[in-house]
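Asks: Can you keep this structure in mind? I'll have questions shortly.
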């Protein structure tokens with residue numbers, strides 16, 4: 001009788017204990033992204049915002065006032081700086097209280113800036129390849145600038161259309177009694193919607209990583225085949241390629257972490273320790289990726305001698321008479337810069 005009554009109780013106790021252990025294991029080491037986000041996001045994003053806005057506004061000033069917009073690459077570089085500014089404008093507002101409309105506006109600016117930057121990086125690389133392939137004669141000067149304006153408009157429209165799904169399905173995270181525009185958690189993943197979760201993650205991976213990586217790799221290989229007979233010409237493409245490489249290097253870790261986090265069931269990463277590592281890696285890699293907007297102006301300074309010259313002129317005001325240096329610089333740019341594109 002005792003055995004009959006104790007055995008079920010023992011078995012029942014074991015089952016309860018196993019369930020509790022399972023629940024504890026499931027929740028034991030879940031990484032609290034809100035905690036680290038509250039510590040790092042406000043200070044880091046504010047610093048990146050200040051530095052990035054100042055740097056990119058300086059780039060816009062140099063391009064518009066000194067270098068001019070009579071070359072297609074300058075038009076693309078200007079739009080690239082504007083894309084960075086759109087991205088940067090969202091950073092101070094992450095992890096702060098805000099309603100649904102405010103968060104959706106931030107999401108829209110964030111992804112429009114990110115996608116447009118990807119497109120302009122690809123356009124810059126493609127433009128330099130076409131200039132080299134056709135030795136500067138594939139378009140007349142009169143046709144190049146309108147073509148640059150049209151392709152820039154198409155890139156912006158495409159970036160806006162690509163952002164519509166994120167804008168439509170985003171829901172702000174609920175924390176305590178307030179809504180927060182969450183930076184730490186992937187902002188465009190709607191709750192309990194597996195299809196949208198997979199679709200938007202794949203769209204992010206393809207748009208920001210796979211597509212530009214394919215464009216860059218293909219064009220780089222094609223150009224290297226021809227440049228082996230004239231390595232000196234390769235220096236003309238350092239700036240454009242450096243911008244693309246830095247963009248890919250800074251966004252690749254986040255895209256990989258996001259992909260693994262979204263499809264963790266397919267990679268046997270659903271255990272508690274893997275969830276902890278994935279949540280942590282998504283947040284940290286995203287924080288690193290947001291700093292990319294501050295890097296492009298540094299590349300201009302280190303790799304573009306003309307930009308450095310205009311930058312020194314802007315800060316030091318070396319010219320004695322304002323008109324003659326302007327003519328001299330204008331003639332220098334019209335003689336030197338178009339020659340670079342035609343020599344290639």
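Placement of Cβ uses the backbone N, Cα and C atoms for every residue, glycine included.
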Asks: Please indicate whether the topological domain of residue 68 in Swiss-Prot carries the same name as that of residue 276, placing both on the same side of the membrane.
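Replies: Topology check (Swiss-Prot): residue 68 vs residue 276, domain names differ.
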Asks: Which one of these stretches, 23-43, 128-148, 149-169, shows up in Swiss-Prot as transmembrane segment?
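Replies: Of 23-43, 128-148, 149-169, Swiss-Prot gives transmembrane segment for 149-169.
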Asks: Transmembrane segment per Swiss-Prot: which of the ranges 177-197, 261-281, 282-302 is that?
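Replies: Range annotated as transmembrane segment by Swiss-Prot: 282-302.
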Asks: Could you give the number of helix, strand and coil residues in the topological domain 'Extracellular' (260-281) as assigned by DSSP?
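Replies: Computed counts for the topological domain 'Extracellular' (260-281) are 17 helix, 0 strand, 5 coil.
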Asks: Any chance you could find the range in 75-95, 105-125, 199-219 with the most Cβ pairs under 8 Å to the transmembrane segment (282-302)?
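Replies: Top-ranked stretch among 75-95, 105-125, 199-219: 75-95.
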Asks: Considering pairs 6 or more residues apart, do the transmembrane segment (239-259) and the transmembrane segment (149-169) have at least three CB pairs under 8 Å?
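Replies: No, the transmembrane segment (239-259) and the transmembrane segment (149-169) are not in contact.
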Asks: Which residues of the chain, 6 or more past the ends of the transmembrane segment (105-125), have a CB below 8 A from one of its CBs?
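Replies: Answer is 73, 76-77, 79-80, 82-90, 93-94, 98, 151-152, 155-156, 158-160, 162-163, 166-167, 170, 181, 187-188, 207-208, 211-212, 215-216, 219, 240-241, 243-244, 247.
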Asks: Looking only at the topological domain 'Cytoplasmic' (65-74), what are its DSSP counts of helix, strand and coil residues?
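Replies: So the topological domain 'Cytoplasmic' (65-74) is made up of 6 helix, 0 strand, 4 coil.
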